[in-house]
Amino acid sequence: MDKLLERFLHYVSLDTQSKSGVRQVPSTEGQWKLLRLLKQQLEEMGLVNITLSEKGTLMATLPANVEGDIPAIGFISHVDTSPDFSGKNVNPQIVENYRGGDIALGIGDEVLSPVMFPVLHQLLGQTLITTDGKTLLGADDKAGVAEIMTALAVLKGNPIPHGEINVAFTPDEEVGKGAKHFDVEAFGAQWAYTVDGGGVGELEFENFNAASVNIKIVGNNVHPGTAKGVMVNALSLAARIHAEVPADEAPETTEGYEGFYHLASMKGTVDRAEMHYIIRDFDRKQFEARKRKMMEIAKKVGKGLHPDCYIELVIEDSYYNMREKVVEHPHILDIAQQAMRDCHITPEMKPIRGGTDGVQLSFMGLPCPNLFTGGYNYHGKHEFVTLEGMEKAVQVIVRIAELTAKRGQ
């Protein structure tokens, strides 16, 4: 455990923000730097079958140290950080023995406050690693990367019985491309866990069904002084569309298993406008109903427009709820829960209000629930992680390996 914090601080010092709208994978050069560093560290650690694909997927194997019919398992984390907030020149602050109250982030006015983030009340006495208020931290998911690397070191350096352990580090998870080029067969695991969750105890195997909705609105612009009966204002049509979307079914008004419509961007002029929504729901039937609702709204608002003016709507499914794949293999969750209990952690089964690489991988034939990292408030300047939470994650990874070995002996 002595190198856990050192690894994490080294990894977050590298700018690995991914970039949307880029065809190449990985989308940024910084991700290659971390992947090459990890490859070197895996080689120094003595792992085998180390490969780094042209699409930036790094894989390696820790061979079994016991005999028996033990299934090969895997652990996966992503190296990129979110493009939503700066990940350049990350300057972490280490707050030892947190005593409560506000934590100043850097020298400005930014604070990490328990008023806004009540979870801090539960973390008294712990060591918190925060930002300086100018960048995100990168615990999502460099905490997971550091935890997997540290768990490998623990397994490698101690006589803990384990079967074959396969690890992978992926790029571009934050822009939805992380698992697209993942070779499940080459990975060689019967099942895996992404280490990409939040607070201690979280175990996630349910996620949103997700779709994107792109709306193009073509209007007609003329001089406002002579516009009566002629002008068709694309921006006004966009406003009418959004007014029809249920206001109480937005991200800021929903939680738990509740789905939502989210207007992610809107731009335009009188002549032309574009809107981008994302749709999310855990229930497949409700998910399909939300898509139909968007089509009905577009049809309603577009009714009776001049032939040269129109509303075009394109819906694309992004991913589905991995629950249907994971529940076919209940032992995967049983082992993870038992590992947590053995480490004096109460498992907290909760839905992912988002997605992970494990979602796509589960539908590619690799069941892959998500383990906690000990991090909070991802994708922004209030992101932080606890050292104790990271240590617990390492313990759980090691215990999962040990329990899987016992299962096969």
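Keep in mind that glycine also has a Cβ here, set from the backbone N, Cα and C atoms.
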Checklist line | Annotated companion of Glu174, His379 at the Zn(2+) 2 site, Swiss-Prot, chosen from Asp132, Asp140, Asp334, Asp342 | finding: Asp140
Next item on the list: Could you look at Asp15, Asp196, Asp248 and say which one Swiss-Prot places alongside His78, Asp140 in the Zn(2+) 1 site?
Entry: Asp196
Notebook entry, point to check: Once the DSSP letters are reduced so that anything not helix or strand counts as coil, what is Asp196 (Zn(2+) 1 binding site)?
Noted result: coil
Note to self: Taking 10 A as the limit, how many CB atoms besides its own sit near the CB of Glu173 (active site, proton acceptor)?
What the structure shows: 26
Notebook entry, point to check: Looking at Cβ-Cβ distances, which residues of the chain lie under 8 angstroms from Asp80 (active site) while being 6 or more apart from it?
Noted result: Thr16, Gln17, Ser18, Pro26, Ser27, Thr28, Gln31, Pro171, Asp172, Glu173, Glu174, Val175, Gly178
Notebook entry, point to check: Can you list, in sequence order, the residues of the same chain other than Asp140, Glu174, His379 whose CB lies within 8 Å of the CB centroid of the Zn(2+) 2 site?
Noted result: Thr81, Ser82, Asp84, Leu136, Asp141, Tyr378
Margin query: Using the alpha carbons only, what distance in Å do you get between Asp140 (Zn(2+) 1 binding site) and His379 (Zn(2+) 2 binding site) once rounded?
Written below: 8
Item checked: Other CB atoms, at most 10 A from the CB of His78 (Zn(2+) 1 binding site) -> 27
